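One structure below.
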Amino acid sequence: MLSTISDSAIRAQAASTLNGKAQRWGWTAFFGPALIAAVAYIDPGNFATNIEAGSRYGYTLLWVVLVANLMAMLIQTLSARLGLATGRNLPQVIRARYPRPVVWCYWIQAEIVAIATDLAEFLGAALAFNLLFGLSLMEGALLTGAITYLALHLYRYGFRLMEIVIGAMILAVAGGFILELALSRPEPTPLLEGLLIPGFPDSYSLYLAAGILGATVMPHVIYLHSALSQQRIQVKDDAHRLRLMRYYRLDVIIGMAIAGMINLSMLAMAAAAFHANGHLDVATISDSYKLLAPMLGQVTASHVFGAALLLAGLSSSIVGTLSGQVIMQGFMSFTIPLWLRRLVTMLPALVIIMLGVSEQKALVASQVILSFGIPFALIPLLFFTANRRIMGNLVNHKSVTVVGGIVCTLIVALNAYVLFSTFTGH
């Protein structure tokens with residue numbers, strides 16, 4: 001079986017499809033990188049934000065999730081385009097174009113952001129073990145570390161096996177939230193209104209919307225996606241490269257659509273289960289887990305939610321560790337063993353658990369740190385993909401650059417607003 005999903009087998013299937021030899025499932029050879037990137041959009045930080053938005057404002061902010069998902073499609077497409085056009089990932093292009101002191105600063109901030117991101121994902125999985133099986137947070141954290149470390153070794157068998165495992169996790173999370181949504185029985189008319197009619201009931205809803213939109217960009221997955229597309233499929237000429245980019249664009253649309261469906265289902269479920277029943281202040285993952293069973297009348301609802309949180313935390317932690325390797329290799333041209341990378345990224349979570357810091361405060365702190373790293377990934381990505389000398393015939397169309405500039409400005413401004421509000425208390 002492994003021989004059919006080996007790197008060489010997938011590349012042969014892709015080459016045959018690019019050369020016009022019809023295969024019924026030939027397009028599947030190109031599908032996978034965006035699915036791994038999509039994990040970043042369903043991490044425990046998204047759980048907390050979507051649940052609070054749904055419980056407090058009902059379906060009103062569904063449109064924000066939709067807009068955020070469209071932004072994600074654009075940004076991840078640019079990342080894949082850069083990797084394909086240059087044969088390098090974003091950190092490598094930065095290293096080649098910027099002075100060494102600047103590259104060192106980039107590497108340091110990227111490592112800090114990667115660790116902060118993994119902190120949220122790690123704590124989410126540990127919390128899921130606590131809620132589902134009654135393990136202590138420390139026991140859950142150690143178990144999370146062991147499982148993700150073992151899962152990372154799948155990469156030695158090629159990129160396809162990792163894509164299949166991560167993809168199965170994401171589809172399981174999607175299935176879980178579709179079931180949760182069905183159990184919560186949302187009202188169709190308010191749901192459609194919230195999805196299609198923009199609006200902010202009050203100033204705090206603007207803050208939550210900024211949090212949802214700001215979390216659209218996860219710096220570590222921008223770095224990672226460019227790496228996943230840089231050498232995955234080998235092409236020899238511009239015509240094949242353009243054709244491959246069309247498949248990668250489809251990959252991004254499908255991957256981000258799945259992530260968007262999960263986030264929309266999550267917020268709508270919170271609106272139907274909590275807001276509609278008068279629970280307007282459900283702001284933590286633990287509260288959600290405890291309230292779902294009595295609200296929906298089935299213990300299954302809480303268990304499905306906990307299982308989805310566990311799979312989201314484990315898969316996003318795996319992806320976070322892979323991103324850390326790309327960051328170090330790209331900026332510094334060296335890597336460390338996976339076990340050491342796993343240890344480095346899990347230590348902050350273990351310390352926080354030992355100190356007794358609440359998971360909600362830790363999640364908020366990690367999102368604040370992540371916000372600082374967004375401009376460092378987003379702005380170079382936009383500039384590089386708009387440069388013909390770097391991109392060749394895959395350079396952005398001017399309209400894409402304009403839209404990308406608007407999106408980048410909006411996301412950076414919203415993250416600045418979230419940071420200001422967090423630190424000032426307004």
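Keep in mind that glycine also has a Cβ here, set from the backbone N, Cα and C atoms.
Unlike curated records, TrEMBL annotations are generated automatically.
When Cβ-Cβ distances below 8 Å are used as the criterion, the transmembrane segment (25-42) is approached by residues 10-11, 13-14, 16-17, 69, 72, 76, 79-80, 117, 159-160, 162-163, 166-167, 169-170, 173, 216, 218, 220-221, 224-225, 228-229, 232-233, 244, 247-248, 250-252, 254-256, 258-260, 262-263, 312, 315-316, 318-319, 322 of the same chain, each at least six residues removed from its ends. TrEMBL lists 25-42 (among others) with the feature transmembrane segment.
Annotation source TrEMBL lists transmembrane segment at 62-84 (among others). With a threshold of 8 Å between CB atoms, the same-chain residues lying at least 6 positions outside the transmembrane segment (62-84) that come near it are 33-34, 37, 41, 50, 53, 90, 93, 191, 194-199, 209, 212-213, 215-217, 221-222, 225-230, 235, 241, 244-245, 248-249, 251-253, 255-257, 259-260, 263-264, 267-268, 378, 381-382, 384-385, 391, 394, 396, 400, 403-404, 407, 411.
Here the transmembrane segment (104-125) has long-range neighbours at 40, 43-45, 47, 91, 94, 98, 137, 140-141, 144-145, 148, 218-220, 223, 285, 309-310, 312-314, 316-317, 320-321, 323-324, 327-328, 331-332, 344-346, 348-349, 352-353, 359, 362-363, 365-367, 369-370, 372-373, 376-377, meaning same-chain residues at least 6 beyond its ends whose C-beta is under 8 angstroms from one of its own. Annotation source TrEMBL lists transmembrane segment at 104-125 (among others).
Sequence-distant contacts of the transmembrane segment (131-152) (same chain, six or more residues past either end, CB-CB distance under 8 Å): 122-123, 125, 165, 286, 289, 302-303, 306-307, 309-310, 313-314, 317-318, 321-322, 338-339, 342-343, 346, 349-350, 353-354, 359. Residues or ranges marked as transmembrane segment by TrEMBL: 131-152 (among others).
Annotation source TrEMBL lists transmembrane segment at 164-184 (among others). Residues 5, 32, 35-36, 38-39, 42, 151, 154, 258-259, 261-262, 265-266, 268-269, 272-273, 292, 295-296, 298, 300-301, 304-305, 307-308, 311-312, 314-315, 318-319 of the same chain lie 6 or more positions beyond the ends of the transmembrane segment (164-184) yet place their CB under 8 Å from a CB of it.
Annotation source TrEMBL lists transmembrane segment at 204-226 (among others). Long-range contacts of the transmembrane segment (204-226) within the same chain: residues 33-34, 36-37, 39-41, 43, 45-46, 49-50, 52-53, 56-57, 60-61, 64-65, 67-69, 71-72, 75-76, 79-80, 82-83, 88-91, 93, 110, 113-114, 117, 319-320, 322-324, 326-327, 330, 367, 370-371, 373-374, 376-378, 381, 410-411, 414-415, 417-418, 421, each at least 6 residues beyond the stretch ends and with a Cβ under 8 Å from a Cβ of the stretch.
Look at TrEMBL and you will find 247-274 (among others) tagged as transmembrane segment.
Same-chain residues lying 6+ beyond the ends of the transmembrane segment (304-327) with a Cβ under 8 Å from its Cβ atoms: 36-37, 39-40, 42-44, 47, 89, 91, 107, 110-111, 114-115, 117-118, 121-129, 131-132, 144, 147-148, 151-152, 155, 166, 169-170, 172-173, 176-177, 179-180, 220-221, 223-224, 227, 285, 288-289, 292, 335-336, 338, 341-342, 344-345. Annotation comment: TrEMBL describes 304-327 (among others) as transmembrane segment.
Here TrEMBL flags 339-358 (among others) as transmembrane segment. Long-range contacts of the transmembrane segment (339-358) within the same chain: residues 114-116, 118-119, 122-123, 126, 137-138, 141-142, 144-145, 148-149, 152, 320-321, 324-325, 328, each at least 6 residues beyond the stretch ends and with a Cβ under 8 Å from a Cβ of the stretch.
The feature transmembrane segment is assigned by TrEMBL to 364-387 (among others). Long-range contacts of the transmembrane segment (364-387) within the same chain: residues 45, 75, 78-79, 81-82, 85-86, 90, 93-94, 97, 106, 109-110, 112-113, 116-117, 119-120, 211, 214-215, 217-219, 222-223, 226, 395-396, 401, 404-405, 408, 411-412, 415-416, 418-419, 422, each at least 6 residues beyond the stretch ends and with a Cβ under 8 Å from a Cβ of the stretch.
According to TrEMBL, the transmembrane segment annotation covers 399-420 (among others).
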